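In case it helps, TrEMBL gives these features for our protein:
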- ASP44, ALA45, ASP46, TYR47, ASP48, SER93, LEU94, GLU127, ARG150, GLU186, LYS302, LYS326: NAD(+) binding site (BINDING)
- LYS129: active site, N6-AMP-lysine intermediate (ACT_SITE)
- CYS431, CYS434, CYS461: Zn(2+) binding site (BINDING)
- 639-712: domain 'BRCT' (DOMAIN)
Amino acid sequence: MSNNQKPVDELSDTEAAEELAFLVTELARHDALYHGQDAPEISDADYDALKRRNDLIEARFPALIREDSPSRKVGAAPSLTFQPVLHARPMLSLDNTFSDEDARDFVASIYRYLGLIPDHSLAFTAEPKIDGLSMSLRYENRRLVTAATRGDGTTGENVTANIRTIGMIPQTLPAGAPDVLEVRGEVYMAKSDFAALNAEMAAQGKPLYVNPRNTASGSLRQLDAKVTASRKLRFFAYGWGEVSEMPADTQFGMVEAFKAWGFPVNPLMRRFHSADELLEHYHQIERERPDLDYDIDGVVYKVDRLDLQTRLGYRSRSPRWATAHKFPAEQAFTRLKGIDIQVGRTGALTPVARLEPITVGGVVVTNATLHNEDYIRGVGNNGESIRDGRDIRIGDMVIVQRAGDVIPQIVDVVMDERPEGAAPYSFPTACPVCGSHAVRDINEKSGKVDAVRRCTGGFVCRAQAVEHLKHFVSRNAFDIEGLGSKQIEFFFESDDENLKIRTAPDIFTLERRQETSLTKLENIEGFGRVSVRKLYDAINARRSIALHRFIYALGIRHVGETTAKLLARSYGSYEAFGAAMNEAGSYSGDAWNELNSIDGIGEVVARAIVEFYKEPRNVKVISDLLEEVTPESAETPVTTDSPVAGKTVVFTGSLEKMTRDEAKAKAESLGAKVAGSVSKKTDIVVAGPGAGSKLEKARELGIQTMDEDEWLALIGS
Ligand SMILES: NC(=O)c1ccc[n+]([C@@H]2O[C@H](COP(=O)([O-])OP(=O)(O)OC[C@H]3O[C@@H](n4cnc5c(N)ncnc54)[C@H](O)[C@@H]3O)[C@@H](O)[C@H]2O)c1
Ligand SMILES: [Zn+2]
């Protein structure tokens, strides 16, 4: 569980970065278990909560979005057991929506993106989201030739032999169907078939299957198609990939064509013209859910017109023209046994509830977040009351909630059941890890007290220093093999001058210090001669390192991988970056302005970097580090061969053929950077009617300018 689960609105940039880093590994692990092995460790609601949390944090902190973000990935790598199938069109995931309000927002966002007035002119389809596994069926000349799982969206697993055992999937298509047709849909197991299968397992004294979805996936992804044949799988068609000749120009029409060609389609799909009607259908399906013979986990809304789907296009992992409105999560009552305080990498003290284990929506919950000390006390930092001022005490009967958008949390307390003598909780004012004073900062701008209490121990606090080092050697930073968490802790704990690692430069002096040491590393348990040599080699291999990794590794508050890349790309070399950051310390002048003008770097991030460079201890660590390590200069990568790849583009004035969002998304998809203001770094300014100062500035600087049509011609659309 994350050690920081307060409302996203209250997160500081550092906490956000910290949590995003946590979520990327955690989600990847669950993806592998779920998609790869059909053996998830946590429930889908828990997974979705983590995912949603990641999305919410990214939405609020776009500058912190990581290169390896889960929001850019689909599924998991295909298993090597099967032949790979390269999808003609990527198989993507779906964006999620968790409330009626968000569903309305989805509808509104479509109108906004298309630059239309939000009337009732657009049609949307609504259909159950089947909880199975997605499947691509490719027909050539009306014969089934390949069936593939989604895999990582680009490459799936060839399961054609298995799919041929499913009776309701047509092997051939009637005349009139296109020459090339890739139908996509969901393979699932009916609840009744699942119950029968488990009854049989029970009768044979064998272990039972957990749920229809994993059983369907496991049954299909079998080397022996006979196993699949014995499992009674089913299929619903709802989408498509490559189609040589489109039979319709709406989503609804496509599904009707599938039906006419013999594919099973879901009978609950409807088409509407307003958010109200979509929601009414959603709640109708929600009521019918227990009686359906297949598991569903929500309702999918899609823009009906295919030309608009094309205009709306895709984000990295999902279409912009669809969303899955998931069913809500549940609450349960239990006793609060205790409160643990966790200390994060930045010293934040987070209270975590230890609970009498309780099942919430099918999953046993033993811990839940309590956010921060104000949350426990029932009074916010502006004096506003939380839960009408009801505080939370150890021994209380509490309400635990697992919702779509958060990790399990305590939402309320039952006052009638408060045990006699339960005392108000007193939040520690000393760090439980190092004993240093723990304080709440006062925000200099707002004058408000920060909700988070932090350890002031800095480098002396094990929770922080060790975490800094672990971050430094982590995969996306220095990526030093053989120097994992366990080893870092070992070296950090050591008091031996020739063995200890307290700050990053110590890593690179270890081999030299060892030469004169009496305590030899290779004699210590867990380190053989070979592994020590390997470790030194791994360390030495990093004496030259990509600039963005170097910057990211420093662990500057708010500077995640994406920000580090932006910085590396903008400054080119460490010398230039370091010098500029020193100069920017005055919070004015060219260096400061330039830092702030980088698209994707906000003032909070800029301040954090500057503050970092103002701390002499940090400067010392960096200069020691530079004695050992050389950051390589960065070059501007060209991601595609489009004419605007690598160029910085500014849109100004009003655009007539596309909305701003659309223009930005399109430019970025072609490898361009879109900036908000014109500077010497700008390559192209696209100016529509009404363009003012930006256009003037571009002319002053001699930057290429063009109108919307010229731009469209340039990018060839
Ligand atoms: N428990 C875990 O550890 C764990 C791990 C990973 C994923 N998951 C679960 O898997 C899902 C996430 O994976 P995902 O990327 O497949 O996203 P998703 O299931 O949220 O949405 C995308 C998928 O929905 C399916 N779908 C079903 N009905 C559809 C319809 N009518 N129209 C369009 N698509 C439809 C498609 O297969 C599509 O690929 C979530 O439900 C998540 O909870 C769970
Ligand atoms: Zn501490």
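Even glycines carry a Cβ here, placed using N, Cα and C.
Automatic prediction, not curation, is the source of TrEMBL annotations.
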What's the number of neighbouring CB atoms sitting within 10 A of the CB on ASP48 (NAD(+) binding site)?
22
Among LYS129, CYS431, CYS434, CYS461, these being the recorded positions, pick the one whose CA is nearest to that of LYS302 (NAD(+) binding site).
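Ranked by Cα distance from LYS302 (NAD(+) binding site), first place goes to LYS129.
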Give, as a single whole number between 0 and 100, the mean pLDDT over the domain 'BRCT' (639-712).
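That region's mean pLDDT is 86.
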Could you list, ordered by sequence, which of these binding-site residues: LEU94, LYS302, CYS431, CYS461, have a Cβ under 6 Å from ligand 1?
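Cβ under 6 Å from ligand 1: LEU94.
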Taking only the recorded positions ASP44, ASP48, LYS129, LYS302, CYS461, which have a CB closer than 6 angstroms to any atom that belongs to ligand 2?
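Close enough to ligand 2 are CYS461.
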Considering only the binding-site residues ASP48, LEU94, ARG150, which residue has the minimal Cα-Cα separation from CYS434 (Zn(2+) binding site)?
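Nearest in space to CYS434 (Zn(2+) binding site), counting only the binding-site residues, is ASP48.
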Can you name the residues of this chain that are 6 or more positions from ARG150 (NAD(+) binding site) yet have a C-beta less than 8 Å from its C-beta?
VAL74, GLY75, MET91, LEU133, SER134, MET135, SER136, GLY156
Going by Cα-Cα distance, which of the recorded positions (ASP44, ASP46, ASP48, LEU94, LYS129) sits nearest to CYS431 (Zn(2+) binding site)?
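Result for CYS431 (Zn(2+) binding site): the nearest of the recorded positions is ASP46.
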Under a three-state reduction of DSSP output, how is ASP48 (NAD(+) binding site) classified: helix, strand, or coil?
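In three-state terms, ASP48 (NAD(+) binding site) counts as helix.
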Give the sequence-ordered list of residues that share a chain with CYS461 (Zn(2+) binding site), lie 6 or more positions from it, and have CB atoms under 8 Å from its CB.
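Same-chain residues close to CYS461 (Zn(2+) binding site) (Cβ under 8 Å, separated by 6 or more) are VAL343, GLY347, CYS431, VAL433, CYS434, SER436, CYS455.
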Run through the Cβ atoms and count how many others sit within 10 Å of the one on LYS129 (active site, N6-AMP-lysine intermediate).
22
Give the residue counts of the domain 'BRCT' (639-712) per reduced DSSP state, in the order helix, strand, coil.
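With helix first, then strand, then coil, the domain 'BRCT' (639-712) has 24 helix, 15 strand, 35 coil.
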